[in-house]
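Quick notes on the structure that follows.
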């Protein structure tokens, strides 16, 4: 069972499945495919509910695509989020595409299949498989749109109503109730709401007055289809008080089940200035819904330009804007005509009495009022507004909203609502209105002015910022203020914006002064660098108890002030040694001894003039102290104690002085040695020669110098000593000098001995070498001649071959030696030499035959240095025979052949052997599945396709790698690799056997005769095979059909071997053909076993036999049971047996023989008729039984006839029974039947000779009547003895 649950394949729409399409090419389907729709269960993982399923019987066609149109009664309604599933008893038969990517489908499987009912929830095993997209597609049909079943056109209800008041119900259905629907109101509507599930319409907030609106109701099914319609709602406000004052009440809620009384006029009042909508009359009572009655105005009424008079259902309504009296009479006469249930009722008169309305008027405004801010307080009444109304109706006052400290009560009192001292506005304007409940008059203006108005306090001379130099102290700022209103107490409110200011400043509230805290020091560098703060904002506000001034911000800004640098100590002692100009005396002592309060201030240093001050210098920036001139302590000229004064100055010119005491120690000066670095001397220079000269200097004049010269060789050339460049070419001299206290630095002098060239010489005069024959370029000898030829100068020697040797001294005086080559075909020696190493190589091919064994060469090698001085060396080379390995010729790297090529040679291996040896071939085939494709003949060198090679799929490739070598009996040739690519072509399909035998029962015709899996093989994967049958030379078989896809054979269902001419075996030829027409044939024999499949058939069942009771024979044949059976053999042989009758002890009177003759052994005396029940059965292993019923009627003999009659009436019965067992046959009865038949023939002949003509005519007449009516057969025996035969 498979479910596709990947998000990309989950159903995303809604509708009915009308068609399934699927790809099923993997095998023939003999059982149905069950396509299912599952709905995920939200509360559990891998749990799904079965929604519906369709069963599809499908046999794979040529295009492998199945289509199933779902009947309307079996269509499944699916929703968004459902998933498709399927299962088949054969397993995974639906094709799928294996795409191993991140966005492919995932399916869940559940082991095995079982019967799952619709609606059941199944928990799957959670086996997830990625990368499969099954070829299943469902085509949907959208369900019909929803429709309303209850939506009134208009609903009228009474006002006022509260929140949640139920107005009406709306209902709808979708797809005959199979889909759920939800309700909502389109657009913005703040007054009504509808229940999404039930469709109940109710109020969203209270409604007090007349109200009309139109709602658009939209209903949506679960599949997303929508339908919309409008609903009109009217809320009618009923003024109960006015109704009680009317002369006659509106007839609402009468107990009459019909309409209200319409025989007299209905009176109602309406105030002229009332701006409202009012029900004047209702034609129904509580038992009749108002929208079931429709009323119209039947009499014309006066024009109402500022009002509307209209009907709604059974209601008569008047809507006025408050100006009803214009051009309207005091009374309006109206006549209504109403219709209910198609019955028209008219004659109702309504009289509307218009009540005149007189508007009120102000009496004492407009007016102006003055009020004192100091003397008045909140709640004081400053004025009483008065108005009059001629209707003596209660009046109410109100003021238009304004931003002012005054208010107006409903009785006209103007009072103070806020402290006037907090207002700076001097004049206010109040817009006043008066109303009698029906009409509102206004606005009329009341002007209120405030005297003694309060003024806010203000600061005097307050700066925006205050500059504070660092280290400031004491008073910083005094705050001054004033108030225009004398006598007001002013309070100063202050606050620091930065909390750090509290640590540096004090605000004196009594004097309104700002001081620097005595314990605090305002250091600009500290505030700027560490706190990043150089400004302290102070917020100030003045308050007189009623008004406040605007908030002021003062910035106290700290400014920097230059401060003089200062040495930590005034005297600094420094001890140093005498030195040269530029020598450092002190690095950090002076710089670290000074500091400047001003951060980042630059300080410069200088030495003040004084005794010996010119001998010293100081760096102006770093303060480093050093010698300006060479200083050598001398008691007379250069004292060891020196006093210096150093001055430090900042950028502002502020300075400080430091006294420096120098104690200079006397230090011995090291002597200095001067000597050349490089000296050259030719080898063989005479002894005693001068080489080089050196010098020593010491500034301490009183020092005594001692010189020491150390060297690795001889400093002077001694007697009988000669310098040899080759022995040693470089000498080093190490020279030092000492004054007794210090030693100078060593000086190294290099002596280089120059070379004089000398001729090379040999350590021995003749060398013998052995080599093997070979090709040109072969190395004959790697003997290093440089080990034999020696050059005293170690020069690079050049070697060459000279056919004529020399004595090694002078080529011009060389002794000529004729060294001829043993080669007869060439005068040149077959050798060449490497000029650098002296290695010898063959300059041409040297071939020594196997019989020659060896060949000797003599040559002279000359070695010369770079000046041409040379020496000769005699070389004897013996070249011996060496077997040469064979060579493979023309071996390609790769060849390609077709799979269907013949098994003849596809390649011939060629080889060459220089020695003329016979070459045989050795090969090695790489071990793989394709190795069976190739055979190699080692002796002939033939490569061919093997006879037993396996089949290769079409368009596929088999690659065989063969490693080949040649062997001449001594050596192997180099390996050659031959890659053979075999291209697959289409191969003919073949049967697994040439003859197939099948055995089926006769009852199995029409059932497929299936072959074993793999009976038809095609080496080409994916090739499409088709099957066919033939019979002899015919292209089709008359009794057998074949499934072209699976090859299953079907014997015609009407084939019955019991029919004449039908054989019990069928022979045919079965063919299999691939898509390119390649074919194979196999013989098939289907043997059909006979089955007892036919029941006996009684031809004369329900037959009546008539017997004359006057015949007294004891044994007689009454009639024969005529029965047949379409089977053959024992299955067709019949047995007859009496199983019952209406006569007790039947066997005393009747029996039946093997041929079906009913024989009477005795005539009963009391019964005139007998019902006989017989069973007719065959002799099969499982007998088939047919029951038959016969009636035997005994008739009295006629007066003129003494011949008994037996008459048979034939009819058919359809009853079939199965009766097991066999009926035994009595041989005596068979003999008795034969005698009866013979006797019957004799009696008939005797009767014809003796009977009179009259009797014959009567007999003929009866016979014709019997045959034409009952198919009766009569036989007439003559009088004979009591026993027959």
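One-based numbering along the chain as shown.
Glycine residues also receive a Cβ, built from the backbone N, Cα and C atoms like all the rest.
TrEMBL annotations: computationally assigned, not manually curated.
Of all ranges given (1227-1250, 1251-1274), TrEMBL attaches the label transmembrane segment to 1227-1250.
Residue counts of the domain 'Cadherin' (577-678) by helix, strand and coil are 7 helix, 46 strand, 49 coil (DSSP-based). Note on the domain 'Cadherin' (460-567): DSSP counts are 12 helix, 48 strand, 48 coil. The domain 'Cadherin' (1118-1206) scores a mean pLDDT of 78 in the predicted structure. Summarised by DSSP class, the composition of the domain 'Cadherin' (1118-1206) is 6 helix, 41 strand, 42 coil.
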